[in-house]
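J.: For reference, TrEMBL lists these features for the protein:
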DOMAIN    19-300  domain 'Sugar phosphate transporter'
REGION    314-339  region 'Disordered'
TRANSMEM  12-36  transmembrane segment
TRANSMEM  80-98  transmembrane segment
TRANSMEM  105-125  transmembrane segment
TRANSMEM  131-148  transmembrane segment
TRANSMEM  157-178  transmembrane segment
TRANSMEM  190-211  transmembrane segment
TRANSMEM  223-246  transmembrane segment
TRANSMEM  284-301  transmembrane segment
Amino acid sequence: MPNTKSDTEKSFLIAVFNITLAISAYWVTSIGLVFVNKYLLSSPELKLDAPLFITWYQSIFPKYVKFPAMDFKINVSRRIAPLSIIFVAMITFNNLCLQYVGVSFYYVGRSLTTVFNVICSYIILGQKTSYKAMLCCGVIIFGFFLGVDQENVSGSLSVFGVVCGVLASLFVALQSIFVQKSLPEVNQSIWLLTLHNNINACILFLPLLFVSGEFGKIPYFEYLWTLKFWFMMTLSGFLGFIMGYVTGWQIQVTSPLTHNISGTAKAAAQTVIGVIWYSEIKTLLWWASNLIVLVGSGLYTKVKSSELRKKIENETSADKEKRECLEESSSKNDEKNKV
C-alpha cells in the first residue's frame, strides 16, 4: 500500500514551493519594475526628460511577444477606444509620478486608488459601499495627506508629482471598470483585449510625443545608441508585460485576499528599500503616514473580503432554500399523481 502520509507531506511541500515561487516572482517583478522605471525616468546618469517616449516603448513591447493566433479588427479597436484612452492616461501619469517623486513615497503618492475605486464604482456602476469600507478609505486619505505634509517638511515634495499620482490613481480605478465593460466586445478574451488595447495605445501615444516635443529630443540623447540604455528599456518593457501574469499566478495559487495582503506587504518592503537605496532620512510622522496608508488598505481588503464571503453564503443559502422548495413541490406533485 502507498504511504499516504508521505504523499500528503510531498503534496504540501509542492504547494508551499509553488506559493513561495509565485509570491517571490510577484515581489521581484513589481519592485524591480519600479526601480528600473525610476532609473530611466530620472537618473542623474541618463538625464533623459522623455517620460512619454519611455512609456510608449513599454506599450509597444508586447507587439514583439508571440500571442495566440488572433485577428485585429478595426471595429473592435474603435469600440474599446475609451479603455485605451484611459490606459494611456494611466501609464503616463503613473510614470510622471514616479519621475517626480521618490521610490519611497511612490506608494503613498498613488494610494488613493482604493478611494477612487469606491467613488467610480458608485458613479459609473451604481455600486454602494458599506460604512466600514468607507471608514477604511478615510484612514487612507488621512495617511495620504499626512505623507504629503511630511514630504513637504523634508523638502522633497513635488506638487506636480503628487498631482500625477492622484490622477494615476483615478485612471487605475477607471481602468479596472472599463476592462470589465470592454471584455464583452472581445468575447471575454483577455488576449484579444490586450492585443487591441496595446495597438490603440501605440497609436494614441504618437501625437502626444509630437506635441510634447519629445521626438525632437530623442535624436540628441547622449546614450541613444548604447547597449545599456536599450537593455534597461527592454527590461522595463519585459517586466511591465509579465507583471500581469505574475499577478494572476499569485492569485491562482493563493487567493484574492492573500494577493492584496502580499501587495500591501510588498509596498512596505519597497518603501524601506527605497529609503535605504537612495540614503534618505525621513521623519517619524513620515513613517507613520506610510503605516496608516498600509493599515487602511489592509483593513479595506479585509472588510471587502468579509462582505463578499457573506454575500456568497447568503446566495448559497437562498439557492438551497429554493432547491428545497422545488423538491418539496415536486414531491407533492408526485404524490398527487400517485393518487
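Note that Cβ sites are derived from N, Cα and C of the backbone, with glycine treated the same way.
Note that the structure is predicted; figures quoted are calculated from it, not measured.
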J.: Counting Cβ pairs under 8 Å that sit 6 or more residues apart, are there three or more between the transmembrane segment (223-246) and the transmembrane segment (80-98)?
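T.: Per Cβ check, the transmembrane segment (223-246) does not touch the transmembrane segment (80-98).
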J.: Short question: most Cβ pairs under 8 Å with the transmembrane segment (157-178), which of 12-36, 80-98, 131-148, 190-211?
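T.: Counting Cβ pairs under 8 Å, the winner is 80-98.
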J.: Using a threshold of three or more Cβ pairs below 8 Å, and leaving out pairs closer than 6 in sequence, do the transmembrane segment (131-148) and the transmembrane segment (284-301) count as in contact?
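T.: The answer is yes, given that the two segments have at least 3 Cβ pairs within the 8 Å cut-off.
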J.: When you check the transmembrane segment (190-211) against the transmembrane segment (80-98), do you get at least 3 Cβ pairs under 8 Å, counting only pairs 6 or more apart in sequence?
T.: yes
J.: Among 12-36, 105-125, 131-148, point out the range having the most Cβ pairs under 8 angstroms from the transmembrane segment (80-98).
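T.: Selected stretch: 105-125, with the most Cβ pairs under 8 Å.
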J.: Using a Cβ cut-off under 8 Å, which residues of the same chain at least 6 positions beyond either end of the transmembrane segment (131-148) come close to it?
T.: 105, 108-109, 111-112, 114-115, 118, 157, 162, 285-286, 288-297, 299-300, 303-304, 307
